[in-house]
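Here's the structure we're looking at; comments come further down.
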Amino acid sequence: MDNVSFLIEKLYMEGWLRDEEFLEVLIHHGENEIRNLLAEYARKTAHRYYGNKVYTRGLIEFSNYCRNDCYYCGIRRSNSHAQRYRLKKEDILTCCDEGYNLGFRTFVLQSGEDGYYTDELLIEIITDIKRRYPDCAITLSLGEKEKESYQCYYDAGADRYLLRHETSNAQHYRCLHPKELTSEHRKQCLRDLKAIGFQTGCGIMVGSPSQTLRHIVEDLHFMKELQPEMVGIGPFLPHHDTPFYNEPAGSFTLTLTLLSIIRLILPDVLLPATTALGTIDPQGREQGILAGANVVMPNLSPVAVRKKYMLYDDKICTGDEAAECRVCLSNRMKRIGYELVTDRGDSIRKLEEKRICTINIH
Ligand code: 5AD
Ligand code: FES
């Protein structure tokens with residue numbers, strides 16, 4: 001414990017550890033005292049940038065068609081049991097209307113990799129949302145695309161893009177995906193997104209099949225190098241209609257430990273307490289915030305389609321209406337001393353960069 005406490009303090013002070021030291025901390029994820037100490041430093045760090053504010057994003061899962069076949073994912077193309085759906089532009093706009101009235105100032109548009117939504121159609125959707133809600137941010141989560149496509153979404157007004165890298169180790173990537181998908185291409189997409197100017201989010205599943213703690217340390221290196229504005233992590237959870245149906249779920253305590261570590265290596269990062277974390281433990285999202293996360297993403301999708309966007313089994317929040325999801329999360333946050341705010345919730349680093357640019361121009 002003493003040695004690990006020392007390492008945790010070093011991580012807090014210096015923002016980084018050697019590989020073997022990271023491993024030492026990760027190995028102890030099951031010990032409450034260790035996790036509490038890490039969480040304390042992570043909270044302190046989050047407070048410095050964000051106080052007790054929790055940012056919120058309205059998640060609109062607008063299509064569960066996907067051309068890919070990731071072994072872990074419930075909406076993979078080979079899953080013939082998935083009931084497929086697509087929302088029309090008007091349906092998406094209705095979700096945004098409802099979300100705006102509830103206090104959401106960021107909309108996350110997420111889908112499988114679905115060619116039905118051409119760049120033209122996506123540009124139309126982005127432009128229409130921005131026209132109606134110029135004070136809102138749009139986050140896209142549409143998978144791997146050509147750089148030109150990313151650029152035209154950005155030009156149309158999209159602000160952020162989430163694309164988890166899933167694992168930065170090429171061999172491990174191979175264990176999770178068919179060969180058409182490569183870790184190198186995924187990383188290139190992330191670099192393209194950063195270069196275009198998106199607030200960019202990467203991330204992993206914790207405890208995905210074949211993952212080792214060393215892989216996780218490699219992921220920390222990748223995050224440090226990429227300097228993402230957002231990082232999304234949650235435990236791997238098996239889906240019964242995928243090749244990984246029989247694999248064990250990822251560890252809750254390891255996920256919490258990693259949230260704290262990520263907060264300490266990327267102090268101002270936007271870090272959600274994810275739905276998967278809330279699924280593996282009823283207090284998961286609260287515990288995530290207390291471990292250093294500062295974002296939650298309640299579901300804004302129409303209730304009729306929620307059960308169809310099943311990436312993994314037993315996903316929570318598939319029944320309630322949007323208002324209930326928001327109120328429920330707001331109350332949960334209040335109970336642990338945090339406030340769900342009505343705010344775009346931009347990356348502080350990006351805002352600062354913009355401010356410096358404006359000063360230079362004038
Ligand atoms: N368990 C946990 N997370 C999953 N995702 C996809 N399938 C699963 C699963 N079975 C995550 C992936 C993906 C994000 C949208 O959801 O990390 O990038
Ligand atoms: Fe759709 Fe992986 S199954 S991107």
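Each position is counted from 1, following the chain as shown.
Heads up, the Cβ atoms here are built off N, Cα and C, so glycines get one too.
What TrEMBL lists as domain 'Radical SAM core' is 52-290. Confidence over the domain 'Radical SAM core' (52-290), given as mean pLDDT on the 0 to 100 scale, stands at 98.
Long-range Cβ neighbours of Cys70 ([4Fe-4S] cluster binding site) (same chain, at least 6 residues apart, Cβ-Cβ under 8 Å): Arg76, Leu176, His177, Pro178, Leu181. Residues annotated as [4Fe-4S] cluster binding site in TrEMBL: Cys66, Cys70, Cys73.
Neighbour list (Ser141 ((3R)-3-methyl-D-ornithine binding site), Cβ cut-off 8 Å, at least 6 residues apart, same chain): Val108, Leu109, Gln110, Ser111, Tyr161, Leu162, Leu163. Taken from TrEMBL, the feature (3R)-3-methyl-D-ornithine binding site applies to Ser141.
Arg186 (S-adenosyl-L-methionine binding site) counts 20 other C-beta atoms within 10 Å of its own C-beta, drawing on all protein chains shown. The S-adenosyl-L-methionine binding site feature in TrEMBL is assigned to Glu166, Arg186, Leu237.
The secondary structure of Arg186 (S-adenosyl-L-methionine binding site), as reduced to three states from DSSP, is helical. The separation of Leu237 (S-adenosyl-L-methionine binding site) from Cys73 ([4Fe-4S] cluster binding site), Cα to Cα, is 9 Å. Of the chain residues outside the [4Fe-4S] cluster site list Cys66, Cys70, Cys73, Asn68, Asp69, Tyr72, Gly74, Ile75, Arg76, Arg77, Gly112, Leu311 have their Cβ within 8 Å of the site's Cβ mean position.
For the binding site of S-adenosyl-L-methionine, formed by Glu166, Arg186, Leu237 according to the record, the largest Cα to Cα distance is 22 Å, rounded to a whole number. The local packing around Leu237 (S-adenosyl-L-methionine binding site), expressed as other Cβ atoms within 10 Å of its Cβ over all shown chains, amounts to 25.
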